[in-house]
Amino acid sequence: MKPHLIILGAPGSGKGTQAAKLVEKGYKHISTGDLLRAEIAKGTELGQKVAGIISRGDLVDDRTVMALLKANCDVDKVSYIFDGFPRNIAQAEMLEAELLQGKKTLAVYFKIDLSILVSRVVNRRTCSKCGEIYNMATKPPRVSDTCDKCGATGSLTQRKDDTEEVVSNRLQIFKDTVDPMLAFYKSKGVLVELDASKQEKDVFSALEKVIG
Ligand code: AP5
């Protein structure tokens, strides 16, 4: 089995975009943001508890997200791409102690100048039918409001937490939490960095090289 991949990167650095491409290489993509948004969409007790936190761009508490992650993956069967987890050093330690437990992993840091990310995120639209990610400024669908991938019309939606104000909060939280996580994976000898400011296809080529 290939090592599990942990993608670390700021909001808008392209984690979801690249993870979707890697699925074609046999990985399973798990995004804690997607899992939490699915709970909100279903109106579960958990969804009701986290909706306000996510709409402000704050982090949901570590234990809640860890439980959700554990309930949704089986790391013995397939190599995962962890997207959005861990978000801080406490989550990094939990992931290792409670889920990965010494299994082979590679942490890939999507390094990028944070100043370009607000514009990337506020222009993001996602197809509610197939999850394809667009950017209305740089990568709009070929036909207006129609998904290139699945052909659905009227399905491109904007996330509630993708406003300028909320993105600024999400970026600040990222800045405050990233360094200890990078140090954690560096000390284990499993950290690689790549330049996430390049075009999507170039980021993917760099990713293919680091995962071998
Ligand atoms: P989450 O869903 O994880 O959001 P995020 O980390 O803020 O990341 P994004 O999804 O915004 O960015 P991305 O890097 O995936 O970018 P994308 O590829 O879409 O978390 C949301 C919320 O849930 C959190 O704020 C928190 O409340 C909660 N949460 C989640 N996990 C949690 C946890 N572990 N603990 C506690 N709370 C948690 O790309 C963005 C845009 O850029 C798109 O428009 C795309 O087309 C464009 N783009 C991508 N790549 C390129 C490129 N190379 N060049 C130009 N444009 C590009």
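Cβ atoms here come from the backbone N, Cα and C positions, even for glycine.
Please treat TrEMBL annotations as automatic predictions, because they have not gone through curation.
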Name the residue, out of Lys188, Lys198, that TrEMBL lists for the same ATP site as Gly12, Ser13, Gly14, Lys15, Gly16, Thr17, Arg124, Ile133, Tyr134, please. Lys198
Select from 31-60, 151-180 the stretch of residues annotated by TrEMBL as region 'NMP'. 31-60
List, in residue order, those binding-site residues out of Val60, Cys127, Cys147 with a Cβ under 6 Å from any atom belonging to ligand 1. Val60
Tell me the Cα distance separating Arg87 (AMP binding site) from Arg124 (ATP binding site), rounded to the nearest angstrom. 21
Quick check: of the binding-site residues listed here (Gly12, Cys127, Cys147), which one has the Cα closest to that of Phe85 (AMP binding site)? Gly12
